[in-house]
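> According to TrEMBL, the record shows the following:
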type	residues	note
SIGNAL	1-28	signal peptide
DOMAIN	67-200	domain 'AB hydrolase-1'
ACT_SITE	S159	active site, nucleophile
ACT_SITE	D300	active site
ACT_SITE	H334	active site
Amino acid sequence: MMRYVKRKAVLLTAILLIIFQASNHVMADNYPKPEEHAYTITNFRFHDGSTMDLKTHYLTIGNPDGKPVLILHGTNGSARKMLNKGFAEALFGPGQPLDAQKYFLILPDSIGAGGSQKPSDGLRMKFPHYNYDDMVEAQYRLVKEGLGIDHLRLILGHSMGGMHVWNWGIRYPDFADALVPMASLPAPMAGRNWMMRRMLIDAITKDPAWQSGNDQRQPENLRIASVWYDLATNGGNTRLWQAAPTNAEANTLVDAKLSEAKIVDANDTLYQWSASGDFDPSKDLEKITAYLFAINAADDERNPEELGLLQAAVDRMPHGSYLIIPASSKTRGHATTSNVAELYAEKLSEFMSHVPTK
């Protein structure tokens with residue numbers, strides 16, 4: 001009888017996990033429906049000198065006459081991932097920090113992601129090996145040339161998008177009034193953050209099924225490695241312990257994640273993680289003159305607070321400030337800023353209220 005009860009409890013945990021995760025990807029009703037667009041950047045030049053006509057895909061939300069806001073997604077994500085309930089419902093609704101009736105929200109798919117051009121569209125490993133500078137340049141040309149916008153009220157990004165925000169502030173210091181990099185550090189891509197990415201890359205390139213990018217089927221190693229990486233660098237210690245306080249429940253959670261893991265293109269994934277390798281804005285932080293408000297979570301597995309890197313960086317800027325969200329049962333480690341925006345929404349509103357308009 002006890003075994004039966006335990007099995008029911010474990011099954012219930014798995015079901016609740018799936019329901020919980022699904023609920024975070026339901027679009028809310030408190031903001032206008034996103035509109036899809038595409039724009040081709042002609043003769044786009046990558047940092048290595050290669051050129052191509054580059055197709056970009058993006059979403060817009062809200063008032064086209066409102067102050068424009070650029071919102072940037074994380075690695076192997078897309079614009080639509082920033083529409084998850086925990087983020088969009090807390091920020092885009094009436095009276096909220098990024099009220100879509102007041103602002104014109106622009107959410108691009110970065111190079112190599114979503115509906116924008118990527119290796120799996122046909123070029124595979126012959127696709128230009130882009131980096132974060134290329135991705136920011138494509139975003140700039142989309143906004144400037146594709147949308148005809150000369151100035152942004154705000155650029156906000158999570159994880160990879162957060163790293164892009166740091167680069168935006170350096171490359172185009174006068175283009176935005178405010179910058180909000182989240183779940184990121186303006187430091188070399190090194191330490192555990194790069195080591196874990198390197199392991200993901202190696203899981204692809206050292207799998208015989210990959211065949212130097214000419215694979216006929218996606219390497220099985222990638223699916224397992226991706227779940228491993230997600231568990232290791234997302235979720236938060238407290239929340240994961242609460243979700244799986246016994247060995248049986250921990251195994252059930254892993255099994256659920258493995259069964260949900262989507263088959264993704266290995267070349268796209270390889271490019272996405274490799275793009276961060278030369279990221280290092282640390283030497284140019286004094287060039288950031290816009291008002292900047294960095295937001296990280298104390299339990300961010302990829303950007304440890306104890307390194308003190310964020311605090312030291314912000315001190316080098318004339319209008320820099322930061323927020324470290326205390327770890328709790330509500331935080332989700334690295335995913336906190338993209339999935340639990342209620343934890344910083346009020347502070348974001350307060351910050352924006354003090355940023356002058358240029």
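Start at 1 and count along the chain as shown; that gives each residue its number.
Just so it is clear, glycine is given a Cβ too, placed from its N, Cα and C backbone atoms.
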> Return the count of C-beta atoms lying within 10 angstroms of the C-beta of H334 (active site), excluding that atom itself.
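So the number of other Cβ atoms within 10 Å of H334 (active site) is 27.
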> Measuring Cα to Cα, how many Å separate S159 (active site, nucleophile) from H334 (active site)?
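The separation of the Cα atoms works out to 8 Å.
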> Name, in the order they occur in the sequence, the residues of the same chain whose CB lies under 8 A from the CB of D300 (active site) and which sit 6 or more residues away.
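Sequence-distant Cβ neighbours: A183, G333, H334, T336.
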> Averaged across the domain 'AB hydrolase-1' (67-200), what pLDDT does the model get? Just tell me the whole number, please.
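Result for the domain 'AB hydrolase-1' (67-200): average pLDDT 98.
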> According to DSSP, which of helix, strand or coil covers D300 (active site)?
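In the DSSP reduction, D300 (active site) maps to coil.
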> Give the three-state DSSP assignment (helix, strand or coil) for the residue listed as 'active site, nucleophile'.
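Once the DSSP labels are grouped into three classes, the residue listed as 'active site, nucleophile' ends up as coil.
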> Taking helix as H, G and I and strand as E and B in DSSP, count the residues of the domain 'AB hydrolase-1' (67-200) in helix, strand and coil.
55 helix, 26 strand, 53 coil
> Let's check the environment of the residue listed as 'active site, nucleophile': how many other CB atoms sit within 10 Å of its CB?
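For the residue listed as 'active site, nucleophile', the count of other Cβ atoms within 10 Å is 27.
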